[in-house]
């Protein structure tokens, strides 16, 4: 078979004697190609100007024969190189391969049989000899190439398909010639030659058909274990070219909404594993190269300094530093090395497409010439129409290949950047972490990585736009002097467009947006505190203030965008106008005919796109360079030094050794720990004690390698388990949290649960250990979280256990159980090395060593007895505080059997609320205090997670049995809408914009298109004006009307854009305000079951879509819709025959559009839903980085992150391909419109004038783009309008009671006495759940101090929630000073009560704002409050004093200091009723004592309700209320209750107080 590029075999030549060309060409066929080409044109009467054209034999035998040969020889070296590098296994000799091989042998046979004959006839001398040689050589090459492809695993060869296609195309000419010659002569000359040619022709057609089929997948290719592999990899060349392989998914998506399981897995090259590995390798290489250059330059400089006697050494040093400063590793270079080569393939396609785009205007010029020339043969017109169609189809295919490469590069960029940022975030130092908040790092992943992705699409415009502009100018020059004017105007137009489009406002807007999201994040994290303090209005104002500024900037940029749209629409028109006007005015002999006018217009239309895109690309590059700097800065942060803690060398018998070490949280910060020396023997239990903020947690972090070691040596031998002070819990099942990636071992697991007192909790949790734990452990109490964290450590069976105050979050008897069963000398960890940070002095006698820290230094060290003997500060401290716990110390473990049983019993029944409430809590941690309460022992409603009922259950819940609902989830997966978007959503958006504005916009668009059609029809009419004496008349009037119509359309667009911008901003303001208003009025229960991320998503992503995406999408949609409509109108008006094909084309278009929109919409929904988990997992990782590193789980977490990114790209990739699939099909419809517009113009040329044809075809040429964009915009609009739906959903959730009820406001000084009364009070969490408090009747007199105690789920916390009306009564009422609290507004109530919550929540901002957000109090009052809360010393030592900046969540204060800030808030408010949600567990005993003193003195005349963890704090209270199962069990003075020997007595005895 003739291989790609084989010349036409000798038998394609026509016998000279039988040819009509015999006289002219005859025996001269062996002349060189140049003469053959010239003969083609010299004989134009026979080749062109005839109704029955033919090609000269010479042309057929050289030029046509060379085309495939040249193609193959050019492609072969590159193709062989590609095959060498890509081996996919080999393909067995299938039936298809055998057919191809047989066909090749047949071809060889035909050649070898014919060659001797040719030599015999002496034709194979000279040029013919080369023919024979090349033919035989290429036959051999063809056979070899087919076999070589098979061995390299190529299933479908694009190179050979193109070659066979070219061969067939070039053989059609000779084929037709032979038939014509034979028909003319009536008989066949040289029968043998004739037959062999037909055999040859049949063989190449067969080969073309065979090569279109693909082979079976190769053997020994990498095993694909995917259940649903992407069909792209095994699809044929034509299927890839037209994206046919995607059709199955389009049909699937049309039949029913796509789901996760329908998505194909990613190709190997697109997976995170492959991409991030390549990018990390290049980035590391870049860093190494820079470091080497730095070192070299440093050495050169220092040598220079030594030799340079005269100069000052200081100066030289500065030079060195500058040199070092300038040599930063470039992340851009790493990106280029990784993704550049692949992207360049796309650029090559773009180049070809750009060149092809200028062919059709030239063909239009020829077509108009053809219409004018009534004598021209008809086949000219049909050929021009066919060429226009072929050219357009080629453009379509190549353009979409270009886009595919660009989009895939963008997708890979996002994957790579996300991956390296994730890996970096697990390695950066704490000081680096402080410089970027979690939100900012998430922004790097979402916004900045997205910017790279968006830029890739049109990055090629950077060189393509100037190229297109240059080519357009060149062709305009050809048209005539038209171009001279255009050149003068062009720079002006470009300057205007550029200046308007540049992102003047982008940076400012991003800044406001960032600060708004950051504030919202904090508000949602601390929403409960805001409700309890009635601080919502203050924070609402702050958000609205930022939003106001954001919208102001948005309005500015919307106006600029409107102007740039105006410039874009008007510029090409203005240029056309001035060009035509100047052209006809300069010389009256200059005639504006159809050819000049419409060819120029079609060139102007080509220019529209680059002129519009270039400014956008430049603005995108500006934005992306900012993103690049941000990412590069983050990736250049210092990393934790893995070698700062030695793990191998250590003195025998010791587990931890620290020598002369000084540590700091950052190189630039002052040391936190100084001169630390300690040697910890293996298997010992060491306690670290000290005041709040003395560096206890820092010491643990230093041993983990989390701090900067400034000097000294640290060695830790063996694996480490770490229990942080604030338990870090993943959003996974409880069991997964404990196993933490280790192999399951049931016995070990049960032991860990038993030791950490978790078994009773499992019975209460709805799914046992399969219960899903919400974000940040939201549905576990603080104590449960801490015990899960401890169980994780116990299960890990590590060598060393670093326990950072794990006992503070649990109440005393649970703490005792954990110490005895886990940490203490007889616990499960005995024999392991344990370091325990603690405030509980009752455990100290049982530890081996005690380390006392004071201000970052070790002040004392030794055993308990040694420290007492030393009689220093520690001994003094013990004497003061150990008195309370004497009993416990006297008999630490000598409990009798009965008492052991009692203790066990107590554990299950009398678990105090401490066990169920978070104490030391991450700032944004939300908590479900009420959830713990719902599940009381009495079988009230063991389904602790029932809070989610509002989300999922419609019917009232029956009390379910524990364990039955293992799969029930607290946090519901975010649902995705399916099917078409309801029209009501569009209507809601129109209402937000304003219906009148919406109608005005549509009307204006109609007017604009009418003006545009008018202008072009007028131009068409102008070009048809008769020429009298070489001139046209009425040119002034023609120009005037044309100008008026054109300017009118520009003006209408400007008004339209302004109107839409105003409407869009109006809608954005309205929708955001409604959402914010609702979220501040939403009851607490909503936040307990909804992850913060989900609400934040509404405030960030969805608001962004409404702000910035929907208005331009609507603008584009309306523009393309009306353009497409006007094209149809113009073509039908010009060539009415066109109406016949409109219907089939419209049906095809409609079907493609419906298939696409259904699939694309669902893919986008799946993509947006799968995006949230990437960021949730990321923020979870950042907050738990130290735990992940301690347990050496970094790689596992990186794999999880990669799989989440891949999961997201699985829905994104088909989304890209769906656009390509659509583009090719829709543009095919557009190309058919071009074909039929040209065809009908040719058919009806006798009745048409050149002007109308020009108008019709130039409109058709631009319709392709409009049709494509219209479908895309329909889909985008449907996808993005979902944001309105999502925001509406969250703007209409149920709200709590009004904040203020006019006419029912309490007196100013209320409550003046502080009397409290519960009358037959019952409450439940929600409808369908059991009562939590039942018929409570209780009276508290003003000034009384009441302690509240009770079992888990007894209803203690519910009482406080009821006082603030976080829970609303089912029946009965609460009266405060005789006023029914249910009748007054929530803020009137909440602002008159004070609570010190368990959760010390602070907001980023000044300390003053955190104490007094409404600026009610004077500086003196604030300082007084700080003094009483023992913070004055700390605050006055800060340079900015009251304006001290608290970081996000107050993380630059210790947990204890945050608690003290909450106390200061209470002292400032000083209301008559104070509720203490026992908030001092995270504070050392000394500070706790001071706080209790402050409360007793400052709130002496107030009513104080205290939920007690440490019973010793309420022993001197007026009365104690014991709740049991939602009812009052006991209520009397502490002394009487102990005497009565009831529940309170057993609890007191348990705590060692009775």
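Numbers run from 1 along the shown chain.
Cβ from N, Cα, C; glycine included.
In TrEMBL, annotation is done automatically, which means it is predicted and not curated.
Taken from TrEMBL, the feature domain 'ABC transmembrane type-1' covers 344-623 (among others).
Marked as domain 'ABC transporter' by TrEMBL: 656-880 (among others).
Annotated domain 'ABC transmembrane type-1' per TrEMBL: 999-1279 (among others), in sequence order.
Summarising the annotation, TrEMBL assigns domain 'ABC transporter' to 1316-1550 (among others).
Per TrEMBL, the feature region 'Disordered' maps to 939-958.
Positions annotated as transmembrane segment by TrEMBL: 63-83 (among others).
What TrEMBL lists as transmembrane segment is 124-148 (among others).
Per TrEMBL, transmembrane segment is recorded for 154-175 (among others).
Residues or ranges marked as transmembrane segment in TrEMBL: 196-213 (among others).
Under the heading transmembrane segment, TrEMBL lists 378-399 (among others).
Here TrEMBL flags 489-507 (among others) as transmembrane segment.
The feature transmembrane segment is assigned by TrEMBL to 566-586 (among others).
Under the heading transmembrane segment, TrEMBL lists 996-1019 (among others). Distant neighbours of the transmembrane segment (996-1019): 573, 580, 597, 601, 990, 1038, 1041-1042, 1045-1046, 1048-1049, 1052-1053, 1055-1056, 1059-1060, 1062-1063, 1066, 1114, 1118-1119, 1122-1123, 1125-1126, 1129-1130, 1251, 1255, 1258-1259; these residues of the same chain sit at least 6 beyond its ends, with a Cβ under 8 Å from one of its Cβ atoms.
Positions annotated as transmembrane segment by TrEMBL: 1039-1062 (among others).
The transmembrane segment feature in TrEMBL is assigned to 1103-1122 (among others).
Here TrEMBL flags 1128-1152 (among others) as transmembrane segment. Non-local neighbours of the transmembrane segment (1128-1152) in the same chain are 1013, 1016-1017, 1222, 1225-1226, 1229, 1232-1233, 1236-1237, 1240-1241, 1243-1244, 1248, 1252-1253, 1255-1256, 1259-1260, 1267, 1271; each lies 6+ residues outside the stretch with a CB under 8 Å from one of its CB atoms.
Two recorded stretches are said to be in contact when at least 3 C-beta pairs lie under 8 angstroms, sequence spacing 6 or more; the transmembrane segment (566-586) and the transmembrane segment (1039-1062) meet this definition. Per-residue confidence over the domain 'ABC transporter' (656-880) averages out at a pLDDT of 83. Stretch with the largest number of CB pairs closer than 8 A to the transmembrane segment (378-399), among 1039-1062, 1103-1122, 1228-1244: 1228-1244. Counting same-chain residues at least six beyond the ends of the transmembrane segment (1228-1244), those with a Cβ under 8 angstroms from any Cβ of the stretch are 360, 367, 370-371, 378, 381-382, 384-386, 388-389, 392-393, 396, 1127, 1131, 1134-1135, 1137-1138, 1141, 1145, 1148-1149, 1152, 1253, 1256-1257, 1259-1261, 1263-1265, 1267-1268.
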